[in-house]
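Annotated N-acetylmethionine per Swiss-Prot: Met1, in sequence order. The GTP binding site feature in Swiss-Prot is assigned to Ser62, Val63, Gly64, Lys65, Thr66, Asp78, Tyr81, Thr84, Gly110, Lys167, Asp169, Ser198; the stated evidence is similarity to another entry. What Swiss-Prot lists as motif 'Switch 1' is 71-89. Per Swiss-Prot, the feature motif 'Switch 2' maps to 108-127; the stated evidence is similarity to another entry. Annotation source Swiss-Prot lists S-geranylgeranyl cysteine at Cys257, Cys258.
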Amino acid sequence: MNILAPVRRDRVLAELPQCLRKEAALHVRKDFHPRVTCACQEHRTGTVGFKISKVIVVGDLSVGKTCLINRFCKDTFDKNYKATIGVDFEMERFEVLGVPFSLQLWDTAGQERFKCIASTYYRGAQAIIIVFNLNDVASLEHTKQWLADALKENDPSSVLLFLVGSKKDLSTPAQYVLMEKDALKVAHEMKAEYWAVSSLTGENVREFFFRVAALTFEANVLAELEKSGSRRIGDVVRLNSDDSNLYLTASKKKPACCP
């Protein structure tokens, strides 16, 4: 029985969404990894379509984490929002290259007194979104500690990182240029992809979350292919012979499009 909501028409991805700035991107390919495209075409994505991928959103109080999520999930902006207590989450369903894919977006509290509660929900994240206010230099500096706290509960080598500057609508062009320079430096140090958004106007919000969904999906499919490949390599059949014991690795012939 399928208990997940159907995929909305505006959540269908047939192409790889592009990064905002090539100077700070997880990768700059124009298309999905060839192995991912091939696996989707041949329906070899394993359990990816049944999994729910966890994405946590962290950052200082009032940087706009909740507004960012609400703008994408509900297409709303509430100027009189209340600070998140502990954690909250939204579920978003996508279809990527014909495969269903779900993201669970965890909105965590930025207040110090709720930090210990929120941190218990960090574990198992496949992507971490660190949000700062483009008009507040201190909030950018604090992103380093937020990331460090989140990585205590996750494997740094297997999680995707995104550094997101919010409230772009409040920055003058000159102010933004200066802040972006610092933000790109921080993103490079973190090995994170940089984005700048406005939850008020909606600028870059949709594009950003589509990028998160696409890259998380891509990572999931590649991991699934790696696991299935390991299982085939490990499937060893022992053959008895008069002269010696021979070992033959039983493996299926790979499709021509997948190296």
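Using the three backbone atoms N, Cα and C, a Cβ is placed for every residue, glycine included.
Taking the Cβ of Gly64 (GTP binding site) as reference, residues of its chain lying under 8 Å away and at least six apart in sequence are, in sequence order, Val131, Asn133, Ser166, Lys167, Ser199.
When the binding-site residues Ser62, Thr66 are compared by the number of other C-beta atoms lying within 10 angstroms of their own C-beta, Ser62 comes out lowest.
The secondary structure of Asp169 (GTP binding site), as reduced to three states from DSSP, is helical. Around the Cβ of Asp169 (GTP binding site), the number of neighbouring Cβ atoms within 10 Å comes to 14. Restricting the average to the motif 'Switch 1' (71-89) gives a pLDDT of 78.
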